[in-house]
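Chemist: Sharing a structure, written as structure tokens. Questions coming.
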Amino acid sequence: MAGRHSQEKSYAEAAAAPAPEKPDSSDVTPAVPADVIYKLLGFTAAMIVGPIGMYFVTVDFGASSTVAGVTAAVTANVILFTYIYVAWLEDKEDREVAAKRKEKKAQ
């Protein structure tokens, strides 16, 4: 009858065994490129400062708080749609580069 832990290596066997080979090259690139992070941080700052700033600028020029609120909401939407457009353009460029690479591999 076999022992309970017959499949497992003892500590001495594991220590005597050669270390697993390391890969020749490893991918150390970040999961998200730095320029994407910088764009996100820039648009985040714009989303915080823009609408609040527009609200107070509009109120300072004598408009009612309702008009200032609408102005702030419009500003937030403009910033949001601009971010979406920039992200779409970036994705479009990435797809074009991938298509060119695929085209070169096919030749």
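Every residue gets a Cβ built from N, Cα and C, even glycine.
Sharing the feature lines straight out of Swiss-Prot:
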{"type": "COMPBIAS", "residues": "1-11", "note": "compositional bias 'Basic and acidic residues'"}
{"type": "REGION", "residues": "1-29", "note": "region 'Disordered'"}
{"type": "MOTIF", "residues": "104-107", "note": "motif 'Prevents secretion from ER'"}
{"type": "TOPO_DOM", "residues": "1-40", "note": "topological domain 'Cytoplasmic'"}
{"type": "TOPO_DOM", "residues": "62-68", "note": "topological domain 'Lumenal'"}
{"type": "TOPO_DOM", "residues": "90-107", "note": "topological domain 'Cytoplasmic'"}
{"type": "TRANSMEM", "residues": "41-61", "note": "transmembrane segment"}
{"type": "TRANSMEM", "residues": "69-89", "note": "transmembrane segment"}
Chemist: Of the residues in the topological domain 'Cytoplasmic' (90-107), how many are helix, strand and coil by DSSP?
Modeler: 17 helix, 0 strand, 1 coil
Chemist: For the topological domain 'Lumenal' (62-68), what's the model's average pLDDT?
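Modeler: Summing pLDDT over the topological domain 'Lumenal' (62-68) and dividing by its length gives 93.
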Chemist: Below 8 angstroms Cβ to Cβ, which residues of this chain, lying six or more residues outside the topological domain 'Lumenal' (62-68), approach it?
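Modeler: Residues 54-56 contact the topological domain 'Lumenal' (62-68) from elsewhere in the chain.
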Chemist: What does the DSSP secondary structure composition of the topological domain 'Lumenal' (62-68) look like, as residue counts for helix, strand and coil?
Modeler: 4 helix, 0 strand, 3 coil
